[in-house]
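Student: Pasting the feature list from TrEMBL:
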DOMAIN    110-205  domain 'LRAT'
REGION    259-292  region 'Disordered'
Amino acid sequence: MGNQVEKLTHLNYKEVPTADPTGMDKDEGPRIGVSYIFSNDDDELEQQQDSVHDLGGEHPTLQPYDPRLHEVECSVYYRDECIYQKSGGGHLSTYTPENLLNRCKPGDLVEFVCQAQYPHWVVYVGDFQVVHLHRLEVVNSFLTDASQGRRGRIANRLYRYKPLSPAAVVRNALEQVGCKDRDLSWRNSECFAAWCRYGKREFKIGGELRIGKQPYRLQIRLGDKRSHTLEFQSLEDLIMEKRRNDQIGRAAVIQELSSHLQAAEEEEDEEEDHHPGARTAVEEMSYTVALK
């Protein structure tokens, strides 16, 4: 039967290690954090869409998509270096697939987005075609077909790694066409597309050892002056959590975090009642809400 692992996920944010986004948390020695083992999230998206086709629909009803309302603004840090940033602004504008064809150049990464769905990433290779991880297989498709009716954006500036040359990006993508199932080295379309453009092993399954202190931090912005930070031992695990946030949407993420923060504040109040003048429980633990 081979090795099979059931899909695991945390039940709530309280189970996820958190830290000060400035990197000033205490060094308490090596700690084993939370690792996430997921099935391919793009495959889950396909299953959702298949159920719609079975009901006789061509595509899910697409509501007007506003990144400011639906997307989670966040930053990713490796130790003290920011390696990814998604924030409000013109660079998050989305376009129809037909409009994107006039904007894309070979080697560009394209992110297709839609409310309540995982983002789908592709590599534009020229001649209106893209290469992407689709249903557990790397395939070559027309951009308009790969979009499946979703709006998209050129996503070259989200990750801050130095990109390879456009020719190398296209070559990386085309060389993987036909790779599928157990031969795949990427958990989802974003990891595959980012690996093609940046060539970093951190985007591959098992590309990093999950031991010791978590070097990656996902800083989620809750508002103008508040943020919440989660720690991860690998970039792969962090991307899975970031994509889950994109799929459930900004409002749901804020609601989850609000529940966690409220519980933390109640624990803090109880600690103060029992030990007046003592440091709070939140300060003693590595769970931190950053107040800028």
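Cβ from N, Cα, C; glycine included.
Here the structure is a predicted model, which means the values were calculated and not measured.
Map the listed features onto the structure and describe their local environment.
Tutor: The residues of the domain 'LRAT' (110-205), classed with DSSP into helix (H, G, I), strand (E, B) and coil, number 31 helix, 28 strand, 37 coil.
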Student: Tell me, roughly as an integer, the mean pLDDT over the domain 'LRAT' (110-205).
Tutor: 97
